[in-house]
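According to TrEMBL, the signal peptide annotation covers 1-25. Annotation comment: TrEMBL describes 17-116 as domain 'EfeO-type cupredoxin-like'. What TrEMBL lists as Cu cation binding site is His69, Cys104, His107.
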Amino acid sequence: MNVLARTFTVVVALTFAAAPAATMAANATATASAKPVTVDIRNFAFAPKTLTIPAGTRVVWTNRDDEPHLVVSAGHQFASSRALDTSDSYAVTFDHAGTYTYYCGIHPMMVGTVIVQ
Ligand SMILES: [Cu+2]
């Protein structure tokens, strides 16, 4: 094999090797953006208090307090949780853009907002 032919072989091999890698990277990005976003309920507050997410994101609230808490949609825009005991979680997938305010049904001073873009 002369040098030119060998170079051509290497370029072709690299082109085919690179294609699956690029596809895998694209899939990894899609998976990363679909990851659930966590809101901790801690010290009688939602953290973060305001969350901005792309449409289609699943939000998971987890109670880190020793007191029970609830997640209740202020405008009945999504289903309310049951009472969450310590370490219990509640998840809602937000498919549509909008501003969703919520509060704790036991401690109504606890408020949070999910902004879906
Ligand atoms: Cu509460």
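Note that Cβ sites are derived from N, Cα and C of the backbone, with glycine treated the same way.
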Check Cys104 (Cu cation binding site) against DSSP and tell me helix, strand or coil, would you? coil
Note: among binding-site residues His69, His107, least Cβ-dense neighbourhood at 10 Å is His107
Using DSSP, tally how many residues of the domain 'EfeO-type cupredoxin-like' (17-116) sit in helix, strand and coil. 17 helix, 40 strand, 43 coil
Which same-chain residues, if any, lie at least 6 apart from Cys104 (Cu cation binding site) yet have Cβ under 8 Å of it: Ile41, Phe44, His69, Leu70, Val71, Val72, Met110
Env. residues of Cu cation site, Cβ within 8 Å of mean position of His69, Cys104, His107 Cβ: Ile41, Phe44, Glu67, Pro68, Leu70, Tyr103, Gly105, Ile106, Pro108, Met110
Mean pLDDT over the domain 'EfeO-type cupredoxin-like' (17-116): what is the value? 88
